[in-house]
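Summarising the annotation, TrEMBL assigns domain 'Rhodopsin' to 7-236. As annotated by TrEMBL, transmembrane segment applies to 14-33, 63-85, 97-120, 149-168, 180-200, 212-234.
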Amino acid sequence: MLLGSVKKLQVEDYLMVVAMFTDTVLMVGMSIISQTSSNLIDPSEHVILDAGEIRTREYGSKWVLVVEQMQIVTIWLMKYCLLLMYNRLTMSLSQNLAVKFVAAYVTAGFVIMEILYLGVWCRPFNQYWAVPPKNTQCSAATNHLITNAVINITSDIMIILIPMPIFLKSQLPLKRKAVLIGVFALGAFTILSAILNKFYSFNEPFGSNWTFWYIRESSTAIITANLPYIWTLLRRIFKLGSFSGSTYGKSTNNPSKAYRSNFTNHRSVVRSQVRAEHNLHQVDSEEEINATYALPLKIYAKHEIQITSEDAGPEDRRGPVGCIPDELMSHSKDSIRTDDVETNSERSAAGVVKVYHGV
């Protein structure tokens, strides 16, 4: 809607589409798990493992495996969406190094966790749905849950801490900060959900509480990751004010105000051509996280003029000694100055001045 064409979608948009699919499968799988037994058998239950019971538990165990993978993929896609957004917003800031470090940590953690889960903790792989399994790691998956909890929670904390220094130094009004605090609170709730789903997985492995917190974690993560992207859309629908203090649909004559938000439509900061082509509101397109210092961004161009001097020969002397000859030629082009709000650049063509002076 904002970009005007599917061809102009960014990487995050495609990741969100994939996350929609994985989260849908997660929801369906959770519904099946809640009504189907798995190979995690409660010792207090006297279960008769006949052929029908084994088939049912194998089916449920396979869905446990699918749900676990879909939950992991959904959560990690949301991490990458936030990191890609942070990478654009901190392109010229020191925090960009932290973004790259966290991205490397998230990627390495995902690879290590998947290798351990799919190839180490439970061997052979088909023991994940064997009834009964030969190894408790194939049913309770204790080692995997610990690994997942450590990598997932620590990376979430890192991600939520990246914008904190800029947020604390920002000069936004209290009401605007309250909105951002709400976004951070959603991120904190995602971390809380990750903690609680592992808590119930360890303490009530045969109960259903862990399934609820799995869903809450993935759903809250999706909402948190999408809020920065849909803020401009919400402003258009509900006529909300921007973080620079203006109302949607009104323009501003103060260019510095256009840079005081670290929240609205961060995409156009690095894609100014999209802003121009689709006539996005100036405040929407220019608000970014670099605005902590409330200074408009400008591009300055430096041009140098080279002047060469040559001694005049006898054929060039057509006037009295010491006088400037009529053939004195100065070739230069008029300088052009533009006071564009965004660039405020000065452009001048380089020229060459040839001076003849007699001996």
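Heads up, the Cβ atoms here are built off N, Cα and C, so glycines get one too.
TrEMBL entries are annotated by machine, without manual review.
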The transmembrane segment (149-168) touching the transmembrane segment (14-33) per 3+ Cβ pairs under 8 Å rule: no
Whether the transmembrane segment (212-234) meets the transmembrane segment (149-168): three or more C-beta pairs under 8 angstroms: no
Candidate ranges 63-85, 97-120, 149-168 - greatest C-beta contact count to the transmembrane segment (180-200) (under 8 angstroms): 149-168
For the transmembrane segment (97-120), sequence-distant contacts whose Cβ falls under 8 Å of one of its Cβ atoms, 6 or more beyond its ends: 68, 72, 76, 79-80, 83, 86-87, 90, 141, 143-144, 147-148, 151-152, 154-155, 158-159, 162
Mean of the pLDDT scores, which run from 0 to 100, over the domain 'Rhodopsin' (7-236): 89
